[in-house]
Structures are given as structure tokens and as C-alpha cells.
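Structure record follows, encoded as C-alpha cells.
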Amino acid sequence: MAAPGALAQRVNGWARRVPAWPLYAFGGLYMAWLFWQALNGVSVEPIDWLERAYGITALKFLVATLAVTPLRKFAGVNLLKFRRALGLLVFFFVLAHFLVWAILDVQALGAVWADIVKRPYITIGMGAFLLLIPLALTSNNASVRRLGGAGWRKLHWLTYPVAVLGALHYIWLARGFAIEPLVYMAILLGLLATRLPARRVAAA
Amino acid sequence: MARRWTNDLTWADVTPKSLYLNRRQIMAGAGALGAASVAGPALAQPLEPNTFEEITTYNNFYEFGYDKSDPSRYADAMQVEPWSIKVDGLVDNPGDYTVAQLLEGLTPEERIYRHRCVEGWSMVIPWTGVELADVLGKLGVQEGAKFVAFETTVQPENMPGVQAGVLDFPYVEGLRLDEAMHPLAILATGLYREPMPKQNGAPIRLVTPWKYGFKSIKSLVRISLVEEQPPATWNQTNPHEYGFYSNVNPSVDHPRWSQATERRIGGGLFSSRQDTLMFNGYDEVAPLYEGMDLVENF
């Protein structure tokens, strides 16, 4: 682990004083604000707009969640206390993304199921969502105690396939060549790559 | 104008808004009685053009980027003056035409058409244009011509999507000659009785309302009469997903999404989907495809 520099120490001192709960409030308000915009003419196609906005926000929180460990390892910045909130916000935004898609966009249960089974990019997105459910359910101290540190970490390793599936889902739905989905994939893969050497060191 | 086709959607259809409100009330009543079919298909889909704002801010024009708002944001930079359309191939009168020369002697008329995008959304658009058949008649189609090929302008310095290489430009499209000669196919030069906005394909574009929107190629700089089936950009980009014909067909899904239903733009966050109609409701084109397997030739 890198020795924290002056800036990192300042951030760490600040992080110790600030509680994590405002993140939940921010996430909830941001979700509501996006919904309010969709209701009030942000786009002539607000359903598609909201679906994308929730999906992309989930990817952003996913990037933030996965950045916590490498920040600590390489920069000595310790934001570990915020990681649970960031991870749960990924789940809630994916849930909102799913609900907008199923209820406002597709509008029929049969068609929702048909899409999940038939369309690979939706199957992948659904897979990522399902993998997030056990992670969200175990994001509390009681679960950590029950599973034990090692067991809990093993389960939460699922975050990595979620990241790859989520980015793939985004890439796959584009028509033509779109840069942004590829950027998300690159960032997420980069964040996953920072974990590889640590494993080798740990195994040695 | 040859008047081979009469528009069944006119301003008179849409103006008395109170009438539509009444129809909706009647339908609601009929639905409550479990007898919605009494209203009949014509009343089942009250057609009202989308607003000018909707039509000009939600566009696919990949030369300007892949976001729906990119064309309205960036199309202003496109140079449309002077404009020249190259006419070549199997025609009696090849050459470089201005829009005025191409339309000389023809009277643009209003066509209120449904517009169905391959992505599953739709609009109703009041175009102004001339029948493509009349333009081709003027150009003199020679024996042996079987297809019409079209090409969009490429202005890399004015088009961020071209710089980014979103697709392989210039954007090209094509129609079989009999499709091109169908009275529904128009070259449009305006909408809402205004000159064509740049993001909608100024100064002149194709409109084929029974096909998915991407066939209606924008900002034309070349029209060629050819013998062989010409390349079409989306078909070449992904032949598995976009066919040469690309007729609106609710029973042939796009590999990544269903084409059975569509969402009319403008219905807001709680807008419901409606059934997509074969040939986008323009059954008069069906004879063009008689005997063709439209699943095979999607």
C-alpha cells in the first residue's frame, strides 16, 4: 500500500469526519430529480431518456465503487466507509432502470419475459441485475458477521462480473459505433485490472 | 403533379381538436362496454402530426453524432447553399442539378405521413415534397435501369459524427425502381410548410413512409439510376440486422428488439405502445412485394 501523500492525508482526515449517510440522500434526490425532469419535458422521448439516465448513473456509481480499493492501494486515500453506500446506489439505480424498462417502456409482462429470454443484451443486463440482488441483501453488518469476512468477500467478488456484464450491456445496445459505452468498458476493465497484481502478491 | 396517390391524412383530418377529444371519449365509452371494435380502425388511431419541436429535436442523422439531440445541436454548420445534386447512370438527362432545377415544373404538395423508426418509435410528419416518380420522369429513366441509388452529402469539417467515424460515410441508400416509382415515395423539401430544417435533411431528402426511417436518406447530393442493387449504409454496416428492403413489418423482429409495437413520440413518460402496422399502414405498396418472402427479404 502506498504511503498517503499530503493530499491523501487531507482527504482521509475529511473522510473520517464526514458520515456516509448523505450519499444515500444524494442518490435518492438525484433519482427523483431525473424522474422529475422526465415528467417535465426534458426530452420528447422521456421514457428512453429516463431509462438511459438511470442505467448510466448506475454505471457511474459502479465505477466509483470499484475505484475505492485502487485509490487506497495506490494513492493511500481511504474512502472505504463510503463503499457500501456507493454499491447500494448501483443496485438502486439498476433497479430503477429495470422498472422503467419493464413498466414504462415494454409495458407487458409477457414481452418483458420474451425480451429477457430472446435478446442477448437484455439477458446480460438482467444477469447483472440478478447478481446484484444478493450483494444488496448482504450489504449490512449482520450479514458480514454471519458470512464471516472471507465468505462475505467471496460473495462480493460478484461485483466484478456485474461490472463486465453491465458495460457489455451498454455496448451491445448501440446502433453503429458509439464511443461512450467503450469508455465505460475500458474504465471498468482498468479498475478490475488493478486487482490482479495484488492477488499474485497475496498468493506468493 | 400526377395525383396518382391521394393523401388520406390532411389538415382537415386533424384540425378540429374537439372532434378528437370526442372520439377519445367515445372510444373510452366503447372500451368500457367491451366493444372497442365498434369504433373501427380509422377511429382507433386518431392521427395528429407531431409538433415542429418534436420533429426537429429528436433525429437520427449520424453525420452529426449518434445522440438524438446531436442533429439539432450541430446541423446548423452544414452548408446547404449552394447545393448541387449529381444525376448519373442510366438516365437521359445526367448532370449537376440545383434543387430548383430538379423540381422545375413540379408543384410541391403536402403529404402527412406516418414515420416509423427501426428503433421502435414513430411520428406523424407533415412533409412538403414532390413524387420521386415525377422527378425520375423528368430525368428520363433508361431501359436497363433497375435500381435508384442515393447519396448524402459529407462535410467532415461541419459534421462531428463524420469526424468520429460513427458509420462509413457517405451515407448511401437505394430503392428498387418500382419502389422508387410508387406514388408514396417523395423527395421532400420541407415540413410544416417551412423549408426543410437542416437536421431533417435539408435541402432535399427522400421519404418512403412504408419503410423504416433510415431508408429515407437525407440531404441528397447524388441520384443514380443503376442496373445492380446498390449498397445501403445500414445494410452494409450490419446485414444481419438491417435488410436492403427494410419494409416496416411487425412480424419480423430486429434481432435485438421486437418490431411488433411502437411508441408515438410526444406521449410523455406514461405513453403507451401501439401496434405497428404492416408497411406502416400503407397497404397500397403490398403489390410491389407480391410473391416475395418478406422474412427472407427483410
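Even glycines carry a Cβ here, placed using N, Cα and C.
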Write down the one residue from B:T152, B:T261, B:T276 that TrEMBL lists together with B:N59, B:Y62, B:E63, B:C117, B:N200, B:R205, B:S216, B:I217, B:K218 as binding Mo-molybdopterin.
B:T152
Give the sequence-ordered list of residues that share a chain with B:R205 (Mo-molybdopterin binding site), lie 6 or more positions from it, and have CB atoms under 8 Å from its CB.
B:L187, B:A188, B:M196, B:S216, B:I217, B:K218, B:S219, B:L220
How would DSSP class B:E63 (Mo-molybdopterin binding site) in three states?
helix
What kind of secondary structure is B:I217 (Mo-molybdopterin binding site) part of, going by DSSP in three states?
coil
Return the residues near B:T152 (Mo-molybdopterin binding site), defined as same-chain residues 6+ apart in sequence whose C-beta is under 8 angstroms from its C-beta, sorted by sequence, else 'none'.
B:E63, B:F169, B:P170, B:Y171, B:V172, B:I217, B:K218, B:S219, B:L220, B:V221
Using DSSP, would you call B:T152 (Mo-molybdopterin binding site) helix, strand or coil?
strand
Looking at the binding-site residues B:N59, B:E63, which one has the fewest other Cβ atoms within 10 Å of its own Cβ?
B:N59
